[in-house]
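Record features, source TrEMBL:
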- R36: active site (ACT_SITE)
- D148: active site, proton donor (ACT_SITE)
- 25-175: domain 'Phosphotyrosine protein phosphatase I' (DOMAIN)
Amino acid sequence: MCRHASVCALLLRSGEKESRIEYSISLSIVQCNTCRSPMAEAVLKDLINKKQLLNWHTDSAGLRDWNVGMQAQGRAQTLLHQQGLKTDHITRAITVEDFYNFDIIFGMDDNNMTELRLIDEQLEPPAKCQIKLLGSYLNPEQDQIIRDPYFTKGMASFYTAYMQIKESCERFVELHRDAA
């Protein structure tokens with residue numbers, strides 16, 4: 001089975017100095033960058049707006065390009081709408097430049113982390129981004145793997161993934177908001 005990943009990137013610019021923070025959210029299905037990363041992008045945009053972090057910018061992308069140009073998956077859009085969030089997300093593939101333009105790339109699971117690290121290790125010159133698990137911002141007793149809801153029926157798995165994403169993003173923003 002192929003492993004796929006998607007990336008949700010948060011770009012932080014502070015004054016004249018540019019500091020970039022990137023989140024990689026993995027998607028282990030054929031359809032890339034259509035479920036979890038659009039949810040994370042919408043959550044981050046909402047947090048950025050609410051916290052008035054005007055120098056922060058968020059984007060998302062996928063490790064695979066099969067769905068480039070598509071909108072977020074319908075259930076992801078439905079869940080976001082239910083949460084009062086919207087997405088105008090259009091899928092794109094991650095680029096080599098993303099590894100240079102962002103500071104932190106967060107993966108969803110060990111396989112995606114391995115793949116992101118392999119790409120990062122092959123870059124010349126070396127990129128300065130960090131590769132981390134987005135779920136590492138959850139409490140240690142919680143499952144830190146944000147599972148792919150795509151192949152499940154109904155909305156329950158989407159809601160679980162959304163809640164993990166929301167909590168992880170909230171904690172990340174709280175820890176890093178003073179850098180803005």
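Note: Cβ is positioned from N, Cα and C throughout, glycine not excepted.
D148 (active site, proton donor) falls within neither a helix nor a strand when secondary structure is assigned with DSSP, and so counts as coil. The two recorded residues, R36 (active site) and D148 (active site, proton donor), have Cα atoms 7 Å apart. Of the active-site residues R36, D148, R36 has the largest number of other Cβ atoms within 10 Å of its own Cβ.
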